[in-house]
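Summarising the annotation, TrEMBL assigns domain '4Fe-4S ferredoxin-type' to 42-72, 131-162, 163-192. Under the heading region 'Disordered', TrEMBL lists 1-40.
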Amino acid sequence: MTVDGTGNGRPLDALRAAGNLFGGPEPDPAGDAGHPDPPGRVGFFTDTSVCIGCKACEVACKEWNAIPEDGLALSGMSYDNTGALGASTWRHVAFIEQGPPAPDGRTELPLADTGSGGTPDAAPAGAGGDLRWLMSSDVCKHCTHAACLDVCPTGSLFRTEFGTVVVQEDICNGCGYCVPACPYGVIEQRPSDGRAFKCTLCYDRLSAGQEPACAKACPTESIQFGPLDELRERAAVRVDQLHRAGVEGARLYGHDPEDGVGGDGAFFLLLDEPEVYGLPPDPVVTTRDLPAMWRHASYAALSLLGSFALSFALDAVTGKTGPTRRPAGRGRS
Ligand code: SF4
Ligand code: SF4
Ligand code: SF4
């Protein structure tokens, strides 16, 4: 059996035979990473239709993993104070306000009428009728084909027995190769020391038979953790339920094993286009084209060698084996 050079113990022969070394469906990523008798792939189904934006998931993640604070800056345009996933934000709750734009370009939010006694009344009928507030708790996708892991030269990023992707901070050398490799812009180097960090899907908790801290803390079960196959079935039922309730925009994102990353271990139910949530509409594992690139590079090297060989052969035939000498007696006097 041939094993790949990424330190992940992946049996290349088996993957090549299946045609899915860097893309396509991969039913057993943990087994193919070399884990004997893995327990079954687990992941997240995040149902954004029931997220209330409480950020308990963000706080639980920070607390459990002892992640440093990351600025606590409010933009003044949104309740989103973390902005994006990053080295110190492994869960990020996005707030997307959709409504009629005001003249200054901002989204116009309806304000409650405080009445004469200063007691807030309900917003006037019709106000906010066109307003929609989307909230979504984003996280590392724990891709089936994870480019971050493919390019890591130290083995700091590895595939666990649960099929998740984990980065080990004591092995990361800070080269940063994984950062541009991630098609979702998830993993980031911490400016203070250069090492890369991201969600570990609470590998320590999974190993102890516990569910991840963020899923445990979520009060609405927007973040659901469990065996990936079961989550996919549950998600299909939920989308159907929402469609029957008239929520036509409900759709799944990252659930399809046929997509460009072989499906995500953390997938989502969205209420609008992925771009609205800042997610790429059609992500592709960035290492997918590596075999073709190496093949083309080999062809180029071979043709260069062939050209050298041909030119030496022609020189040998015509007798020009060295620099042309100036005939004697014809130099300048
Ligand atoms: S989302 Fe990015 S960081 Fe997470 S496993 Fe996929 S490639 Fe790696
Ligand atoms: S699974 Fe664990 S590490 Fe990942 S976002 Fe949730 S709490 Fe944080
Ligand atoms: S804890 Fe649950 S409801 Fe609260 S922001 Fe996170 S995903 Fe949304």
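Using the three backbone atoms N, Cα and C, a Cβ is placed for every residue, glycine included.
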If one takes Cβ-Cβ under 8 Å and requires six or more residues beyond its ends, the residues near the domain '4Fe-4S ferredoxin-type' (42-72) are 79, 81-82, 86, 88-93, 95, 133-137, 139, 142, 162-164, 197, 199-202, 205-206, 212-228, 231-232, 234-235, 238, 242, 247, 250, 264-271, 277
Counting only residues at least 6 beyond its ends, the same-chain positions whose CB falls under 8 A of a CB in the domain '4Fe-4S ferredoxin-type' (163-192) are 29-30, 38, 40-43, 84-88, 139-143, 146-157, 198-201, 203, 206, 228, 260-261, 265, 279-280, 283-287
On the domain '4Fe-4S ferredoxin-type' (163-192), the mean of the pLDDT values is 97
Helix, strand and coil residue totals from DSSP for the domain '4Fe-4S ferredoxin-type' (42-72) stand at 13 helix, 6 strand, 12 coil
